[in-house]
Amino acid sequence: MGLANELHAKFRRAVDAFHANDLLKAERILQQIAKSSRNIFDVEHLLGVVKLIQGRFAEAEVHLKAAVALNGSSDEALSNYGYALKSLKRPQEALIYFTRALAVNPRNPLSYHNRGSILAEFARSYSEAIDQFDKATFYNPNFADAYASKGNCLEKLGRFDDALVAYDKALSIKPDLENAWLGRGNAFRNLKRYDEAFATYGKALSIKPDFANAWVGRGDVFSDLKRHDEALAAYDGALSIKPDLESAWVARGHVFWRLKRYDEASAAYDKALSIRPDLENAWLGRGNVSCDLKRYHEAFVAYDKALSIRPDLAEAWLGRGNVLTELKRYDDAFAAYDKALSIKPDLAEAWLGRGNVLWSLKRYEEALAAYDQALSTKPDLENAWVGRGNLFTELKRYDEAVAAYDRALSIRSDLEGIEGVRLHAKMNLCNWDNLEEEISHLTAAIRTGKANSSPFALLSLTDSPDDHLRCAKAWVAAKCPRSSKTSSSGEVHKHDKIRVGYVSPDFRQHPVGHLTAGIFENHDTDRFETYAFSIGPNDNSDLRKRLETSFHRFIDCQQKNDSEVLEAINDAQIDILVDLAGHTQNARLSLFASSPAPIVVNYLGFAGTLGSRELSDYIVADHVVLPEPSSQFFEEKVVRLPGSFMPRDNKGEAIDETMPNRVDHDLPQEWTVFCCFNNAYKINRSVFGSWMNILRSVDRSVLWLSDMGEIARSNLRKEAKALGVDPDRLVFAKHVSSLSDHLARHRLADFFLDTLPYNAHTTASDALWAGLPVVTQIGNSFAGRVAASLLSAVGLPELITRTREEYEALAIDLALDKQKLQGIRERLQRTRLTAPLFDAALYAKHLEAAYEAMYQRYQAGLPPDHIEVQALG
């Protein structure tokens with residue numbers, strides 16, 4: 001439609017103002033024309049374009065819709081109307097009008113570019129979009145924006161080098177195209193060419209100092225480099241320019257999430273969602289935070305919301321898989337990981353997730369293959385190296401475990417627990433190279449509050465109860481974040497009998513199972529109702545069957561997730577819940593973070609504090625293993641039993657009556673045989689040095705050790721030779737098939753030499769039960785005082801020494817004074833069957849007295865306090 005002559009001059013002035021970039025003047029003139037003469041195509045079209053440029057998309061859509069209605073054959077109007085619809089997040093309608101524009105003019109490069117943008121941004125059909133951008137540049141070889149858009153799509157497809165070619169082409173045409181510089185920086189970042197990425201973002205900012213997205217790019221590089229403070233500063237720079245830039249808020253959230261600053265992460269994600277509620281990556285971030293905080297229902301809701309927005313968001317399927325793994329819904333977890341990998345085959349974290357599930361199912365070869373697949377895609381995925389290390393540790397392939405942990409730590413030095421578990425694996429190899437320096441480094445980190453070691457791994461590395469407490473506190477803070485804990489309801493259950501629940505992964509052939517069986521059988525069923533919550537495997541052993549019949553109810557919880565176990569505990573209305581695992585393997589610390597019972601007790605399984613009063617009210621100990629001055633290093637209130645805290649099942653495995661022969665065990669008939677059946681990780685250079693001093697001082701003597709693998713044996717033999725002792729004087733015990741045979745062979749030794757800082761625990765109890773004296777050096781920590789506790793309770797305090805020199809002197813004296821040693825052995829043999837240490841029924845009475853004292857305080861509304869149990873007849 002042509003313009004009336006009297007309006008032509010006004011329209012020309014509007015056009016001139018538009019070209020002069022005086023949009024307000026152009027709009028004012030066009031509005032005057034529109035008032036006096038409606039339905040003029042050129043006026044409606046130009047008004048729509050003005051408002052498009054101003055970002056007033058809803059108003060632009062009204063004018064451009066009118067323009068298209070007036071002239072449906074204008075490819076320019078159709079394309080601009082499509083752009084308005086695209087800007088209003090109406091991509092399907094926009095695509096229709098871009099397609100109509102191309103039908104009118106198949107040679108219009110702008111329409112191809114717009115169509116490609118829709119396919120890329122909303123349909124994520126990157127290959128189809130690239131085809132559209134190629135057509136745009138075919139019809140306009142100097143269309144710089146189309147080359148830049150093509151680069152963006154190539155990046156999405158992981159073709160970063162090709163993307164750089166496209167960006168370079170755009171910049172050769174238009175050197176100041178800031179979006180091309182931004183894309184180029186992103187490509188360099190993805191290629192891990194970080195210096196070039198920084199330089200490229202810098203170039204974008206030199207062109208446009210207020211280019212917020214370039215600040216986000218810089219922040220992303222800093223984040224990749226784990227320079228978190230600088231990353232946050234860059235994101236803040238972006239937000240100071242553009243406060244509603246949702247990508248910057250999401251990026252801030254990701255940094256806070258990695259730093260475990262969960263409240264700040266959640267706030268950042270919430271801010272992003274307040275700006276754009278359909279931002280899938282913000283929902284993903286919320287899911288990740290909730291997963292870490294063990295708020296699994298909230299995590300599912302967030303991941304599902306992300307997937308409702310973008311069903312092909314592989315990372316959200318990954319998150320679902322991680323939650324399902326935590327809930328032990330392994331088949332569902334596999335399905336989620338497989339879905340993630342079907343979308344994004346190179347998502348290394350999904351392979352890692354599969355590996356972790358397979359590891360949990362003890363399908364070790366498949367787990368290793370999954371970890372390797374993850375690392376083939378992402379060689380610096382530290383948790384895949386950790387997975388390999390854990391797997392090799394489980395298989396006792398400690399040399400490979402150490403190598404895997406080394407690689408993980410080279411990528412990220414502050415990985416939770418890995419520095420400690422690496423040293424634990426190294427100790428299992430009896431590899432003491434640089435050990436003192438490495439332990440010093442570890443303890444220094446622990447003293448700054450870092451969770452660099454699990455509490456269990458630390459027990460064999462240092463005798464400092466202060467360090468043990470610091471380690472446990474840091475570990476609990478990391479593994480049981482504040483937001484995952486719930487408060488106890490404080491409900492006082494009223495039962496005729498006190499209900500005691502025992503939680504353990506070790507109701508089987510395991511030291512804990514052997515030690516406690518007699519207690520469970522001797523509980524007074526008139527006063528106590530006992531429940532077992534078994535969170536470990538059923539080995540179908542005779543001991544397992546015996547344990548299953550020892551409780552009022554035995555509940556197999558191995559396949560239950562934490563919520564289901566807590567439900568079982570709640571249904572049983574447990575008054576006193578006893579944690580028999582603490583910080584040991586297969587424990588579930590998170591159960592106790594949920595205040596599962598009115599009274600919670602840390603008992604037997606772990607030789608130390610759990611590190612939080614929210615996890616346990618009491619710890620069961622005695623005056624030797626935990627003297628009163630040491631109470632300051634325990635978060636729990638201390639229950640001190642008479643005698644030793646450690647029980648013994650005196651009706652358990654019988655000792656084979658047949659006297660074994662030394663020759664059958666590669667032991668010299670007439671020589672002195674020192675023995676130590678402790679695990680390799682309890683032996684250190686100091687202890688071994690003492691042993692070698694003893695061997696050098698006692699002619700015709702050998703040291704009989706448990707079999708501990710070829711590498712550990714070789715290292716000990718080399719160490720012996722270096723200390724001037726014939727390596728053949730080290731004898732490694734053969735495997736025997738039964739506990740009865742193992743106990744019987746103790747009679748072939750003269751006496752048992754203990755270790756420090758981690759004493760013999762069950763092994764010392766075994767030795768004494770078999771009639772074999774134990775020489776120990778008492779330490780400072782709980783783990784270093786257990787043998788002294790046992791010796792005190794069995795009436796042999798003279799075998800407790802306080803220094804290394806005393807330890808060596810006593811061992812040498814007993815070896816050389818056979819009469820003195822024989823007297824000790826005979827005294828042990830006489831008292832073995834009558835000593836309180838081996839009286840399970842009496843022990844059960846003492847433990848029940850402790851439970852009653854705890855329960856009475858609770859019923860009276862009193863807080864936990866130290867408890868002294870008096871000896872009963």
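Each Cβ is built from the backbone N, Cα and C atoms, and glycine gets one as well.
The domain 'O-GlcNAc transferase C-terminal' annotation in TrEMBL covers 492-648 (among others).
As annotated by TrEMBL, domain 'O-GlcNAc transferase C-terminal' applies to 659-847 (among others).
The repeat 'TPR' annotation in TrEMBL covers 75-108 (among others). Here the repeat 'TPR' (75-108) has a mean pLDDT of 91 out of 100.
Same-chain residues lying 6+ beyond the ends of the repeat 'TPR' (144-177) with a Cβ under 8 Å from its Cβ atoms: 109, 112-113, 116-117, 120, 124, 126-127, 129-130, 133-134, 136-137, 183-184, 186-188, 190-191, 207, 346. Annotation source TrEMBL lists repeat 'TPR' at 144-177 (among others).
Residues 144-145, 147-148, 151-152, 155, 158, 160-161, 163-164, 167-168, 170-171, 217-218, 220-221, 224-225, 241 of the same chain lie 6+ residues outside the repeat 'TPR' (178-211) yet bring a C-beta within less than 8 angstroms of a C-beta in it. What TrEMBL records for 178-211 (among others) is repeat 'TPR'.
Long-range contacts of the repeat 'TPR' (212-245) within its own chain (CB-CB distance under 8 A, at least 6 residues past either end) are made by residues 178, 181-182, 185-186, 189, 192, 194, 197-198, 201, 204-205, 251-252, 254-255, 258-259, 275, 412. Annotation source TrEMBL lists repeat 'TPR' at 212-245 (among others).
Residue counts for the repeat 'TPR' (246-279) by DSSP state, with H, G and I taken as helix and E and B as strand, are 27 helix, 0 strand, 7 coil. Annotation source TrEMBL lists repeat 'TPR' at 246-279 (among others).
Feature annotation from TrEMBL assigns repeat 'TPR' to 280-313 (among others). Residue counts for the repeat 'TPR' (280-313) under DSSP (helix as H, G, I; strand as E, B; rest coil) come to 27 helix, 0 strand, 7 coil.
Per TrEMBL, repeat 'TPR' is recorded for 314-347 (among others). Proximity of distant same-chain residues to the repeat 'TPR' (314-347), defined by a Cβ-Cβ separation under 8 Å and at least 6 residues beyond the stretch ends, is recorded for 158, 280, 283-284, 287-288, 291, 294, 296, 299-300, 303-304, 306-307, 353-354, 356-357, 360-361, 377-378, 559-563.
Residues or ranges marked as repeat 'TPR' by TrEMBL: 348-381 (among others). Helix, strand and coil content of the repeat 'TPR' (348-381), in residues and according to DSSP, is 27 helix, 0 strand, 7 coil.
The repeat 'TPR' (382-415): residue composition by secondary structure is 27 helix, 0 strand, 7 coil, according to DSSP. Positions annotated as repeat 'TPR' by TrEMBL: 382-415 (among others).
Within the same chain, residues 124, 246, 249-250, 253-254, 257, 260, 262, 265-266, 268-270, 272-273, 319-320, 322-323, 326-327, 343, 481, 483-484, 562-563, 590 sit at least 6 positions outside the repeat 'TPR' (280-313) and bring their C-beta atoms closer than 8 Å to a C-beta of that stretch.
Sequence-distant neighbours of the repeat 'TPR' (246-279) (same chain, 6+ residues past either end, Cβ-Cβ under 8 Å): 212-213, 215-216, 219-220, 223, 228, 231-232, 235-236, 238-239, 285-286, 288-289, 292-293, 309, 478, 481, 483. Residues 41, 45, 48-49, 52, 55, 57-58, 60-61, 64-65, 67-68, 114-115, 117-119, 121-123, 139 of the same chain, all 6+ positions outside the repeat 'TPR' (75-108), place their C-beta atoms under 8 angstroms from a C-beta of that stretch.
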